[in-house]
Every structure is written in C-alpha cells, then in structure tokens.
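Novice: TrEMBL lists these features:
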type    : residues                                                                 : note
BINDING : K3, K4, E5, I6, R7, R131, I132, G133, F134, G135, G136, G137, Y138, Y139 : ATP binding site
BINDING : M49, E54                                                                 : substrate binding site
Amino acid sequence: MEKKEIRNQVINLLINLDNEQKVNQEEILIKTLFGTSEWEKAKVIALTMAQKLELDTSKIIEKAWSEDKVVVIPRTKKDRKMDFVVYKKDTPIEVSSFGLKEPARHLIATSRSDIDLIIVPGVAFCEAGFRIGFGGGYYDRFLANYEGNTVSLVLNEQQVELFKADSFDIPVKLLVTTKKIIRTIK
Ligand SMILES: Nc1ncnc2c1ncn2[C@@H]1O[C@H](COP(=O)(O)OP(=O)(O)OP(=O)(O)O)[C@@H](O)[C@H]1O
Ligand SMILES: [Mg+2]
C-alpha cells in the first residue's frame with residue numbers, strides 16, 4: 001500500500017476511535033514514556049500542542065514542567081520548515097494559517113542541538129520506526145540534521161505493517177506502543 005492510502009486509512013480509524021478507548025491507551029503510552037531512560041535523561045523536550053485527532057500531549061507537558069524540564073513546541077516557517085520555541089504558561093501563542101497553535105513570531109528559537117528528546121507526532125508507524133505524518137514533510141526536514149533522541153507514542157490504531165518509506169523519511173529511535181517499547185536501529 002502507498003503511504004497516502006495508509007495515511008487515509010489510519011486517519012479514518014482515528015476519527016472513529018471511541019474517546020474512552022483513546023484515553024485509556026494514552027494513559028498507558030504516557031506512563032511507559034515516563035519510565036524510559038530517554039525521558040528521564042532529557043532536560044529539553046520537544047512536542048506538539050496536539051490536534052484533536054492526535055495523542056493528547058497536555059499531561060506530558062504538565063509532567064515535564066513538574067520535573068523542571070524545558071518544553072519546546074514547533075513553529076512553522078517558510079518552505080515547510082519549522083523551529084522550536086520554549087513553551088511556558090505565559091508564552092504568547094498565535095494561531096497559524098493552518099489553524100495550529102504556535103509560539104508568536106518574535107520569540108527566539110531554541111537551537112536544535114539543545115533539544116534532548118523530540119516526541120515525534122504522526123499518523124501511522126511501523127515497527128522499524130518509520131512514520132507517516134500528515135504529509136507536509138516538516139518533521140523529515142527537521143530530523144534530517146538532528147542528532148538527539150526521538151520517540152513516538154503509538155496508539156493501536158496507528159500501528160501498521162512495514163511500508164515502502166521514501167529516501168527522505170527518517171525513522172524514530174524509540175517507539176512506545178501499548179504493549180512494548182521498541183528501540184529501532186541506531
Ligand atoms: N529532507 C527533506 N528535504 C526536502 N524535502 C523533503 C525532505 N523530507 C521530506 N521532504 C518532502 O516533504 C514531502 C512530504 O513528505 P512525507 O509524505 O514523507 O511527509 P510526512 O512524513 O507525512 O510529513 P511530516 O514529516 O510533516 O510528518 C515530500 O514531498 C518530500 O519531497
Ligand atoms: Mg515522511
């Protein structure tokens with residue numbers, strides 16, 4: 001199956017996923033994440049302000065703050081690039097042209113080498129760590145020259161068979177599913 005087909009199929013599964021089931025799975029994934037050494041070691045953590053369809057990241061943000069970790073969130077730029085900006089309770093947020101909540105334009109970006117762990121969002125994931133996102137290529141571009149740790153939290157509905165990834169697709173280093181933790185190559 002093509003990436004596009006898988007993307008549409010999984011989006012459909014997520015649209016139809018019962019909220020209680022989603023919340024139950026999220027609880028397991030988040031707890032598992034908090035038990036990993038990657039989480040424990042990380043001082044600066046990148047994640048997105050989730051859209052309704054995606055895994056709710058608000059509890060991860062609260063936990064990071066409670067452990068004095070720095071949270072950084074993405075801001076889209078020209079040419080499908082993005083950077084990350086420190087997110088605190090009083091960080092001014094703007095709504096981007098896609099309707100996404102992003103840090104205000106004037107804020108200074110965090111350098112990518114300062115980010116210890118990126119929680120990489122996506123639509124579908126296979127066990128090798130390859131992911132299918134929403135199709136913008138934003139994460140592929142950013143991860144192409146990022147050396148730190150990456151993890152994705154995968155709902156059961158988002159787990160798919162190995163698919164034909166493109167040359168520019170970058171696998172995540174750690175996958176957390178409701179059943180196990182998978183450390184992919186590298
Ligand atoms: N490193 C890169 N440099 C330039 N273009 C890239 C790079 N990586 C991906 N792209 C472009 O981005 C487009 C979308 O890629 P893809 O379908 O894999 O997106 P995705 O992985 O679903 O999105 P995202 O990374 O935002 O979650 C492709 O057309 C590809 O050419
Ligand atoms: Mg990709």
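Each residue, glycine too, has its Cβ placed from N, Cα and C.
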Novice: Can you tell me how far the Cα of M49 (substrate binding site) sits from the Cα of F134 (ATP binding site), in Å?
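Specialist: Cα-Cα, rounded: 15 Å.
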Novice: Among the binding-site residues R7, E54, I132, G136, Y138, name every one whose Cβ is found under 6 angstroms from ligand 1, counting any of its atoms.
Specialist: I132, G136, Y138
Novice: Who sits close to F134 (ATP binding site): which same-chain residues at least 6 apart have their Cβ under 8 Å from its Cβ?
Specialist: R7, V123
Novice: Using a 10 Å radius around each Cβ and counting other Cβ atoms from all shown chains, which of the binding-site residues E5, E54 yields the largest count?
Specialist: E54
Novice: Within 10 Å of the Cβ of G136 (ATP binding site), how many other Cβ atoms can you find? Include all protein chains, please.
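Specialist: Total other Cβ atoms inside 10 Å, all chains included: 12.
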Novice: Using Cα coordinates, what distance in whole Å links Y138 (ATP binding site) and E54 (substrate binding site)?
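Specialist: Distance between the two Cα atoms comes out at 16 Å.
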Novice: At the level of the C-alpha atoms, what whole-angstrom distance separates K3 (ATP binding site) and E54 (substrate binding site)?
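Specialist: For K3 (ATP binding site) versus E54 (substrate binding site), the Cα atoms are 18 Å apart.
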Novice: Just how spread out is the ATP site if you go by the largest Cα to Cα distance in Å among K3, K4, E5, I6, R7, R131, I132, G133, F134, G135, G136, G137, Y138, Y139?
Specialist: 20
Novice: List, in sequence order, the same-chain residues at least six positions removed whose CB sits under 8 Å from that of I132 (ATP binding site)?
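Specialist: I132 (ATP binding site) has long-range Cβ partners K3, I6, R7, V10, G122, V123, A124, F125, V160, F163.
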Novice: Taking DSSP as the reference, which of helix, strand or coil describes I132 (ATP binding site)?
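Specialist: DSSP call for I132 (ATP binding site): strand.
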Novice: Could you measure between E54 (substrate binding site) and G136 (ATP binding site) for me? Cα positions, answer in whole angstrom.
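Specialist: Each residue's Cα considered, E54 (substrate binding site) and G136 (ATP binding site) end up 16 Å apart.
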Novice: So, in DSSP terms, is Y138 (ATP binding site) helix, strand, or coil?
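Specialist: DSSP call for Y138 (ATP binding site): helix.
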